[in-house]
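Q: Feature table excerpt (TrEMBL):
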- 1-50: region 'Disordered' (REGION)
- 39-50: compositional bias 'Basic and acidic residues' (COMPBIAS)
- 93-125: repeat 'ANK' (REPEAT)
- 126-158: repeat 'ANK' (REPEAT)
- 159-191: repeat 'ANK' (REPEAT)
- 227-259: repeat 'ANK' (REPEAT)
- 298-330: repeat 'ANK' (REPEAT)
- 331-353: repeat 'ANK' (REPEAT)
- 368-400: repeat 'ANK' (REPEAT)
- 411-446: region 'Disordered' (REGION)
Amino acid sequence: MTDASLAVNAEDGGAREKETTGPDDPGDGTAHRSSHGSSVHEVDKDHEPEPLPLHEKLLEIAQTPRSTNAVTLAEFEDLLLEKASEINALDKTGKTALHIAIEQGLTTEAQCIIRDGANIAIADNEGQQSLYLACVEGHTELVELLLREKASIDAASNRDETPIAAACRNGHTKIVNILLDGKANTKTSDNRKWTPLHWASVGNHEEIVKRLLGVDTLNLNATEALTHWTPLNVAAYCGHKGVVSLLLEKNADLYIKNSLQWTPLMTATTMQHLEIVRTILDHKTGWKVGYLERGNHLNNTPLHVASKTGFYEVASLLIGAGANCNATDSQGMTPLHLASFHNHSKIVALLLSETPVPVVDVNAEADDGRTSLHLASLQGNELIVKALLQKNASIDATDKTGMTPLHLASGANAEDRCLSDPDPVSPGPSGDDDPDSENGNTEAKSGRHLSVVELLLINGANKNIKDTNGDTALHRAAALGDKTRINILLKEMKADDFSWGDWKDSPVYSALVGSNPGTAVESLLAKQEVKKAPFWKGGGRIQVITEAVKNSKPYDILHSLFRELPRDSDSSPEGCKSWGPIQWAAHERLPDVLSGLINKSGSVENVDHMVHEALQITSGSIGSDELQSEPSCESLVQVMWILITNSERTPKNTKSVRAASELIRSIIEQKAMVMEAIEDLYNLWGKVRKLSDLMTDYQKKLNLVKENERLSDGQETCQLDPGDIIRNFEGHAMKDMEPRTSKNVKVIAILSTLQDILKDPPFAQIAQTHKDEVDYSPPVPGPDHQKIVKKAEATIVGFFKGKGVSGRIRRNRPIQEIVYDPGPTDVMGTAIRNLTDITRRGSMSFNSNLYAKENLKLTWVHLPSTNVGNNTSFRK
């Protein structure tokens with residue numbers, strides 16, 4: 001640090017180093033205010049005493065041009081004679097006229113005051129006597145005069161600072177010499193334990209230091225109280241080479257540390273004072289074994305510090321002096337670790353060189369298990385990586401988390417890099433070596449690490465090593481989402497490397513939970529071997545798609561997944577090349593994915609178009625195969641509900657939904673016919689069972705007669721029981737029919753819910769609001785309308801009203817079912833239960849809180865309008 005960067009304030013005596021990372025600067029907390037600073041006793045302006053005439057006159061003289069001094073001096077002497085009785089009067093700060101004269105540099109006036117008998121031993125409010133003030137201000141003549149007048153040479157201020165300390169602090173060499181000639185005490189210290197030698201050293205006052213040391217060396221190794229600086233350490237901190245040399249000539253102790261455990265050598269290294277380091281290293285008189293390894297509070301040796309900061313010249317001097325190149329700090333790092341991490345390639349080369357004697361352990365591990373190659377790879381420093389590999393650094397060494405240098409280089413981002421980069425490093429694709437410029441260049445950020453990944457692979461790095469989380473280098477690159485690194489790693493992989501059985505063990509999972517999933521997934525799927533990995537089968541594809549929709553911006557990811565990974569059993573649907581993720585999710589009947597996409601559509605363009613097209617595609621692609629099982633039927637209901645409630649009522653949408661409704665109606669009718677046939681079969685079977693029982697009874701009687709005849713004739717007979725045939729058929733055919741019947745009942749129930757939705761599609765809404773209507777009485781059936789009651793459909797509408805919201809549910813059922821058998825309440829309750837149940841198992845949006853029993857305000861039954869005449873009789 002140069003003198004220009006150190007502020008020594010004559011007023012406060014503090015030495016303040018600017019912009020350092022060291023401990024408190026020497027002098028911090030020890031500042032001494034000048035005697036003409038503000039008083040510690042503040043007085044209310046309304047009650048200020050009248051200014052003292054002598055004080056007022058002296059201040060006036062201090063502002064008078066020099067040409068009129070003779071006149072003003074005469075005036076002052078007259079006033080002094082007139083106010084002789086007030087010569088020792090104190091102002092509000094406790095100062096006398098003599099104090100004011102000394103502070104203002106009025107030597108002649110001060111001499112007049114002393115001549116007229118002023119008391120030179122009076123101290124102001126800060127304990128400062130006249131001699132002390134003269135030493136602070138540097139008034140040599142007054143110091144000599146006061147000493148002749150027997151002023152106390154060691155009278156200290158309230159802060160215990162003596163006149164000689166004040167003179168040393170302010171660099172008044174002549175006054176220091178006068179005081180020392182007068183036998184001033186040099187062994188004093190102020191209330192912060194700063195000695196005269198401290199002040200002379202921090203102020204770079206070589207002549208004063210030399211004179212003090214010539215008198216005695218009792219304070220040579222004294223430490224101040226705040227941060228424990230010695231004069232030598234403070235001189236090293238400030239970069240005062242001459243003072244350091246003078247102190248070393250007197251064998252100042254090189255081992256005393258400050259509060260951060262800095263020796264003078266550590267201090268000079270940290271502050272990058274090359275000549276002082278050289279001076280200390282040349283002074284071997286005070287050395288003991290291990291001096292060069294004396295560490296700071298982090299157990300860093302001077303060589304650690306030089307390696308970290310890139311101070312090549314100092315590092316070279318330290319190594320030449322025999323510093324231990326394998327010393328470890330509090331984290332187990334060697335100087336080579338720090339130079340590698342902080343991108344100081346010249347120091348790395350110095351540490352790895354054949355000479356001087358110290359041999360560096362290139363594979364030394366820090367406490368976290370990382371070698372220097374790990375750290376250089378993390379930084380993306382190709383020059384250092386190459387230098388370490390040339391010295392046989394272990395390319396597949398693993399740290400405590402199982403990561404190799406290739407792991408770190410593959411997954412490192414710009415934030416992982418240390419920006420201290422004074423040494424030249426290999427440029428990225430931009431050709432720009434400036435770290436600041438690189439921060440704004442995405443390609444450059446990747447380029448540094450890409451070069452290291454390529455270098456490691458060329459030198460045989462094992463790309464298949466897994467860390468403790470089971471991740472390879474490809475997993476790390478996928479989590480980062482760096483296309484270039486993903487591609488170079490994929491290029492080096494063999495067919496067997498793609499055998500992930502679980503998708504969560506694959507890089508695809510790392511990509512989805514990483515920082516740039518869209519790019520990562522697209523890059524991975526560009527490799528055919530990735531798309532053929534085993535985990536895609538057996539539900540893995542759907543699991544990946546379901547995970548992808550959890551991303552805050554899933555559209556690009558899902559677009560790649562749907563496009564690159566079609567279903568195994570699904571040929572490409574017509575027009576699918578223009579589909580977006582919404583159309584694909586609807587086509588594949590993935591309600592959770594569909595709902596997530598719509599909810600996260602945000603600023604995605606053409607979402608309404610995609611939803612409408614998905615509704616039309618889904619309505620037109622319903623096939624009989626998917627209506628055979630309960631799960632596929634439920635998925636279809638959920639998908640249709642989501643699409644309808646998010647679509648507008650347009651002619652195309654209405655037409656497609658109506659067509660789907662007709663299809664579902666016909667399928668329900670077909671299944672109902674099957675159920676009717678089964679029911680008839682069961683009825684027939686009951687009759688057969690009864691006949692079987694009669695035949696069995698008859699056969700038993702017949703057998704008894706025949707048995708008697710056989711016993712008489714001595715013959716054996718074998719009779720066939722007709723009941724056995726019946727029971728055998730019942731145990732196989734009828735037993736197999738029961739689960740099929742149960743399955744069909746559930747499917748029909750789900751399809752009925754879908755039919756209800758399609759008959760009255762809730763376009764663009766989940767609930768419709770209405771005004772409250774008057775009550776209507778249900779119709780009373782007449783005796784001659786049983787056919788109408790069984791076949792004709794009526795509409796039941798349940799009106800619900802909660803707090804601030806209302807809605808309705810509409811269902812179409814035969815009049816018999818609505819009016820007679822279950823009744824409107826049960827019909828409505830069943831509808832609500834079905835919707836709630838499906839919602840719980842999927843992604844439908846249904847407000848079960850609103851559609852609760854307590855919110856049902858009105859149940860409306862509307863009879864078929866085509867049967868008005870019949871209804872009139874029916875209601876009678």
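The backbone N, Cα and C atoms fix where each Cβ goes, glycine too.
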Q: Taking contact to mean three or more C-beta pairs under 8 angstroms, with sequence separation of 6 or more, is the repeat 'ANK' (331-353) in contact with the repeat 'ANK' (227-259)?
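A: Judged by the Cβ rule, the two regions do not touch, with the required three close pairs absent.
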Q: Could you pull out which residues elsewhere in the chain have a CB under 8 Å from any CB of the repeat 'ANK' (368-400), counting only those six or more residues past its ends?
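A: Same-chain residues near the repeat 'ANK' (368-400) but 6 or more away: 331-332, 334, 336-337, 339-341, 343, 345, 348-349, 352, 362, 406, 408-409, 412, 416-418, 423-426, 448-449, 451-452, 455-456, 459-462, 465, 467.
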Q: Could you pull out which residues elsewhere in the chain have a CB under 8 Å from any CB of the repeat 'ANK' (126-158), counting only those six or more residues past its ends?
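A: Contacts of the repeat 'ANK' (126-158) (Cβ under 8 Å, skipping residues fewer than 6 from its ends): 32-35, 40, 94, 98-99, 102-103, 105, 107, 110-111, 114, 120, 164, 166-167, 170, 172, 174-175, 178-179, 182-185, 188, 190.
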Q: If I take every residue in the repeat 'ANK' (126-158) and average their pLDDT values, what number comes out?
A: 94
